[in-house]
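Just below is one structure, and these are the notes that go with it.
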């Protein structure tokens with residue numbers, strides 16, 4: 001049976017940094033308050049760039065590292081909740097054009113909020129395993145600054161902009177002697193719409209009561225409730241995927257969770273007995289970048305020499321919907 005591999009990773013964040021001290025001048029908050037509750041020190045903000053612009057820059061880097069030419073990419077999928085256009089064209093179509101990919105390439109977007117990259121992995125690897133595609137470019141890209149209410153101190157301190165991309169490819173003739181399990185070993189995704197209103201961006205079409213018109217189009221979150229559900233759900237999901245694949249926590253080279261909040265990351269890490277050396281944490285530098293957070297973290301681990309060919313990595317994410325998921329991957333090959 002064919003398998004899929006993650007050949008490469010790439011990321012891009014816009015150059016402008018907005019620090020906690022900058023936010024002190026904008027809303028009633030403080031660096032101490034933000035760091036204590038979130039672990040975030042700064043975030044990057046896209047001033048004159050769209051999600052598609054950032055996606056193309058992250059994808060260019062991932063493709064350059066993959067050993068695959070642009071002509072060999074036969075599908076591009078973007079995960080985003082902040083697309084360049086309201087409903088069409090898709091950000092994937094826009095990004096394919098920016099990259100100069102083949103005309104007629106399969107291109108579409110998905111929306112799974114902070115779990116978007118896990119969903120991309122599942123869809124992309126399924127296309128490859130089925131034989132429908134050979135090389136799939138997946139991109140999580142977000143301009144969350146465009147949906148943040150900059151007067152709401154509870155949410156505006158949390159989010160940043162950026163993009164992360166990966167090239168997935170058929171494992172044919174790419175095993176290079178690495179013993180199984182290899183490639184994309186297992187992925188689990190799930191959802192529960194019962195608590196959708198705890199984390200949402202309502203519009204006039206949403207029919208949500210008690211939200212004034214001037215607050216439509218902004219991200220709304222009940223943070224304490226989301227925190228409790230996220231920690232429990234993520235912990236359970238990781239336990240299941242490890243048990244299913246007979247992998248012990250100490251066998252994981254890198255645990256790369258969605259970078260939402262340092263307290264959530266620490267809570268899940270401690271519940272599962274991962275060490276600091278295993279855990280990749282970038283939330284302090286970039287804030288919550290939703291679907292881009294996991295590939296941005298993977299890219300940083302790669303550039304720092306922590307993510308290597310053959311590394312066994314565990315990813316997990318939880319986001320609006322609710323959506324969540326986990327993935328077990330042997331990187332590279």
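Every residue, even glycine, has its Cβ placed from backbone N, Cα and C.
Keep in mind that what you see is a predicted model, and the values were worked out from it rather than measured.
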Region 'ACP-binding' per Swiss-Prot, picked from 254-258, 259-263, 264-268, is residues 259-263
How many other Cβ atoms sit within 10 Å of the Cβ of residue 114 (active site)? 30
Other than its own, how many Cβ atoms are within 10 Å of the Cβ belonging to residue 288 (active site)? 24
Averaged over the region 'ACP-binding' (259-263), what pLDDT does the prediction give? 89
Counting across all protein chains present, how many other Cβ atoms fall within 10 Å of the Cβ of residue 258 (active site)? 31
